[in-house]
Each structure stands twice: as structure tokens, then as C-alpha cells.
Ligand SMILES: CN1c2c(nc(N)[nH]c2=O)NC[C@@H]1CNc1ccc(C(=O)N[C@@H](CCC(=O)N[C@@H](CCC(=O)N[C@@H](CCC(=O)O)C(=O)O)C(=O)O)C(=O)O)cc1
Ligand SMILES: N[C@@H](CCS)C(=O)O
Ligand SMILES: [Zn+2]
């Protein structure tokens, strides 16, 4: 008999209950007891949803982030939050958010505010975790209370559980050394705490523990390979069975290592690495369980159950009871329930599966494997009918779009002239001062803006009233920027629910959900639009708003678009054609928008590629192929403009060094980037490569509630000027300001504009 299990379930709730509960608690509008109760309710709901599984996860629920949970379990708190006198959960939020909750304010005198932990992307997903901070003196001390509490809840409910933890090697690998020490030196100190944790779980009656080691799908040098051996040889004496879980990619050269670690079972991602499964079985010792992730945990299409069974049945014969099946990874990365959707086109809805539906699919597979396909004939037939309808749908395939992509030549992505030739033309037209100031696009998305959009969507506000509210917001943003004395203005993106979903809503070939929320970080969620068919832009998407904004000012107004690679990477995309093909289709649509903006007199156009770096394959050997089509897509979207039109791009992350050449090939006139937290170190990469165009190194860390001082920003820019000629530098924040409040933004930008003036006086 095959065993079914799940690696993790979304914890935000089908109606984002956790988001609202957290934000209410953070605002002091509800108590810690109410928040804890909400946590229990959500966990109970999640276990109810997973009742049919042989093993359901426990410990996957988190009030903010599972990596931060692991840090607390390991007693590994940043120095700056130790000795906090209030509730442990408040201290947890201090690390996550860098500020106190009202409840923790009682301790303001003894436990003042702290810097937030750094956030970064969880492998190649759009989920952000809080980065563990290591130094040579880092110590660990077990605190299993959270896990034991959740375990007891599950056991009381009669759930057949499998606690989930981040494995020790991945935990070290995804953290950062703060003092240049080698994180691997901490392994001997870390492993005894893991051993103690596993034995504590065993004492509570746990048989299996899922220990997540996605680091195994990346290229590992000898030291990290050795760390895997050391870790699991030490943990093998623990009294639980370990299911070592890998996901998001292929084991490749790590297959031998993974197969032979002394654990009871191995989970692999059979969506990303189906070809690797049979060779892995040949390597796997005969006593080990092999869990195959056969349902895609990263996308929302129905699984082809018949094809999956065609592939699985011989493996089931071969492995017998050693075969487990599951989604490929935690379902954290997909929305909760397709059944919530009331407005999705019925045909498209019939092609989809969210978390709850994916578990139903898993059940059908298990039934078919355990009792024969006839036991689930109706479900299999319905599944085949849905897939057939998707394949044959004329809405998916638009020959004219495919033809347009096939006609793309390299020249389409080339500017008329080199940067050196076009820069003086742009300067003459724009008449900007040295160290020009600008912002990245969005201004605060206030509760009023969100409410107006919600009312509009619900029919409580008509289109002209909605337009009036948005125009008033744009007017406010323009007035504020003029008062601040910024040089290149933005309209503020009030009308956008999200920088990707907004475009998805307007492009043909996209569908969008009402409740398809996925956690991005903490309480913040995104609703990735669903790219189901060939992409066409029926009409301009941003021109009217930009034209309106430009009409309010004589300063240059930046057109604001999201680039094709970012739209692709932050959407649920079709799996019936290569990503590169979908990306080029998006590139053609954005190109039309760029040309329409130019035609409307917009002289500066920013095309955000915030997710270009995140989309890099986890293995370096696959980088070139990705970068080739990603950069080409950007170039196609951006570079059809005249010399006089200035193209900006923005990337809000700081690890560029490895891909600098590709960034330069995009040939944007100006790139704005995150650098303030890294103290301008990032610019070393630009310096080494002699990045030829203009750069706006972000000087205002928008993720922090702290007010940046003028002196700090001047100092950062002076560091920048040591690496990049002053005449090619811009002054701007790190990223958009949508998550901040106006009272924070105004003083910060005042300081930024003052910093630019000082720089002009001293350096220009
Ligand atoms: C730059 N970032 C982005 C990423 N991915 C994206 N797809 N988009 C991004 O901008 N990845 C990396 C980072 C992640 N950063 C963020 C930052 C902020 C958010 C965020 O604030 N998300 C919002 C949801 C935004 C949204 O789509 N809002 C909608 C719906 C609003 C709503 O809930 N309305 C209510 C009623 C009104 C109310 O009571 O508030 C309703 O309809 O019931 C909109 O504006 O229309 C969030 O709230 O989490 C995400 C990622
Ligand atoms: N233009 C967007 C970019 C975010 S990465 C914004 O300002 O929010
Ligand atoms: Zn950004």
C-alpha cells in the first residue's frame, strides 16, 4: 500500500484570516490570546483539510516564517533581542519586523526597538524568510515549546502527524555570517540541539520527522557535502525515523549522497526531476522509503492523473510499501481553495487545482495505486476531460501571437544608438541637475485606496467615482513630490492592486482569482495572476493614468511598467510551453505599452525587473540559458524607443555580482537598485565591470520604519561616488513606498532631497 503525506499547508487561511489577525494584533486592536486562538483554529482547519492523508504535517504553521520559527526552536536569537522581558511571541515579532507591538511597548524603557532581521527569497520562490544571523560565537539551545504545543494539539485531535523542521545543513546554508566566520564551523554546536529535538519528539510518540534539506538540489562543494554526511551520521542514533525532504529542483550529482545518508526515507521533487527518479531508485538502499512529489506544489494546474499513474504504477510495483506520494513541496506556494472562487471563468476553473484540490488529486492517485484505476474511474475520466478541454481550447492558442514571437529578431531588442550617444540627447531634453532625485514608483497604498478598489470591484463604487478617487490620490502624490523638490516624478501607482496582478488583469491570456492569495512575507500576500494562454494586449494599460499625472506637472513624469520577466516569475504560468516563449509574448505586449507611452510624450519610462534575479535557476549550469532569454525579453520590451527616451529599470535585491554582465546587456539608461543595507558594497560589482550607464543606488531603506538621516544618505552616496562617476549617479530610495505611511515617507524624502543638494554643492 502506498502512503500519502503532505510537506506543508498554507497557513494564511482561505480568507487570509492570519493576515488580518496579525495586523489587528500589531495595531493593538486584539490580544495575544485572540491571536493564539486564531492560530489554533487555523491549524485545526488545516488538519481537517488533510484528514485523508496517512501523515499530515505539524509545525508547518507559523505566525510569520518557518525559518524564524526554526531559529527560535534552536534558541538562536539575534543578540539584540536577547533579554527581552515581554511575551516570547512579541520578541519573535521584534526580530521579524524590527518594531514593537503595542503590548511590547510596556517594555520600551528596558527593551527598546531593534533592527529587523534581514529578509530574503526562499530558494527560487516569491516567499521571503528571515535570514539566520551567525557569528563565530553563535550558540544554540533547544526551545521545543512551539513544536510540542502544536504536536499535542494534533495528537489530541487524533491526527497522524509528521513534524516538519528545517534541516541543519540547509539552516546553516541559508543563513549569513555577520563576522566573516565559516558557518560550517557551527555544525558541531548545532547538531546536538537537533539530536535533542528529535529525541524530544520521539518521547512524545512521534515516529516520523520530515527534515527539509532543499539545499541538496543546489551545487555543493566538498565541505557542504561533507556537512551532510557529518550531520546525518550524528543524527542517525536519534529515536525517530527521518524523512529527508528535498524539493524545488534536481539532485543530479548529489543523488548518491542523498540516497546514502543514514535516514529512513527520502523525498524528491518528481515534478522537477522525474528523469532522476529511476536512477535514484537504483542507488537507494533497499530498506529506505522513497517519497515522490508527484503533484506540483508550485503551480495551479490540474495534474494529469492518468499520465502520472502510467509512470507511477511500475514504480509502485518495484517499491511496494516503500513508496510514498506527496505534493512536490510544501503547498505554501499555492492558494488554499479553488472552491472559494465565484468569478473565475468556469472553463478555466475546470483546469485548476489549489491546495485542497491538490490533496484530493493525491488521494485519487493513492486509491488507484492501492485498489486499481477502476476504483477511481469517474475521477480519472473527469480529470482527462478537463485536460483535453485545456489542450484544445482556442482561448489558449492564438496563432497570431505565436507568429509575432517567431518574427522577433535580435534587432528588435537593440537601441538605435549606444548609451554614450543617446545620453547627451536625453540630458538636453530632461535638463536634470547632477545627482537627480526620483522614487521607485509606488507611494503609500492607504486603507482608503484599498477600500475604494474593494468597493469598485464589489459594485459599490462606479467606474467614474473610482477613477476620481484614484486621480485624487495621483494628484496628492504629484503635489507632495513637487513640494519636496524631486526631479523626476512618478504617479504613485495608486490604481494598482499589485505590480504584476494589475497587468495580468488587463492582458488577454490571463485569468485572475478573487481569493488566490499566497504568502509573500509575514502578513503580506500576493495574488499571482494565472497565465493560461497566448498573451495579447487589447489596449493600453497605463497610458491614461500617466498622461493624467503628467498633465499635473511640468517636471518629467516617469511611466511605470513591470517588465516581462517579473510578470512571468510572479504569475502562475502555463506548463504547456517553455517559460521563455511566454516571456517573449509578454515582452511584445510590454513593448507596445512602452511605445504608446513614448507616443503620448512620456520621456522617462521605468520597466521594473524586480524578479529577474529571483528567477535564476538554482544551479549555475542552467543560468546562461535563463539569462539569455530573460535579458532578451527585457530588451525586446524596452529598446524600441528613440534615443531621447530614457529607459530606467529597477531591481530590489542586492546580489548581482554573478550576473553583472547580463544586467549590463539589458542596456537600460538608468538602473535603480538596493544598496543601503549593504553599505554600497554592491557597487563593487558595478565598479569591477565598469557598468557603463547611470545608476541609482538606493539610499533609503524602505523596509525599515526608521527615518534615514540626510548625513547617512550623503555618506552612502559619497561611497557610491568613489566607485561610479558622480555624473552617472541618481539619488533614490531602495524600492517602492507602497507599504509605508505618508507621515514616514515625507520626512524621509525631505532628507533625501536635502542629501542630493549637499552632494551637488560638494561633488558636482
Ligand atoms: C515587491 N514585492 C512584490 C512581490 N511580488 C508581487 N507580486 N508584488 C510585489 O510587489 N514580491 C517581492 C515583494 C514583496 N512585497 C510585497 C509588499 C507588499 C505586499 C502587499 O501589501 N500585499 C497586500 C495585497 C495587495 C493587493 O493585492 N491588494 C488588493 C486587495 C486589497 C484588499 O484586500 N481589499 C479588501 C478590502 C480592503 C481592505 O479592507 O483592506 C478586500 O477586497 O476584501 C488591492 O489593493 O486591491 C496585502 O495586503 O498583503 C505584498 C508583497
Ligand atoms: N514600481 C514598483 C517596484 C517595486 S519592486 C514600486 O515602486 O512598488
Ligand atoms: Zn523594488
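Just so it is clear, glycine is given a Cβ too, placed from its N, Cα and C backbone atoms.
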Per TrEMBL, member of 310, 337, 596, 608 binding L-methionine alongside 440, 441, 442, 493: 608
Residue in 47, 208, 545, 570 which TrEMBL records at the 5-methyltetrahydropteroyltri-L-glutamate site where 16, 17, 18, 19, 121, 524, 525, 614 also bind: 570
Distant-in-sequence Cβ neighbours of residue 16 (5-methyltetrahydropteroyltri-L-glutamate binding site), under 8 Å, six or more positions away: 517, 525
Residues close to L-methionine site centre defined by 440, 441, 442, 493, 608, Cβ within 8 Å: 439, 490, 499, 560, 606, 650, 735, 736, 738
Rounded Cα-Cα span from residue 652 (Zn(2+) binding site) to residue 703 (active site, proton donor), Å: 11
Residue pair residue 493 (L-homocysteine binding site), residue 121 (5-methyltetrahydropteroyltri-L-glutamate binding site) - Cα distance, angstrom, rounded: 24
Distance-selected binding-site residues near ligand 3 (C-beta under 6 Å), from 442, 652, 735: 652, 735
Rounded to the nearest Å - Cα separation of residue 674 (Zn(2+) binding site) and residue 18 (5-methyltetrahydropteroyltri-L-glutamate binding site): 30
Closest of 18, 614, 650 to residue 442 (L-homocysteine binding site), Cα positions, binding-site residues only: 650
For residue 608 (L-homocysteine binding site): DSSP state (helix, strand, coil): strand
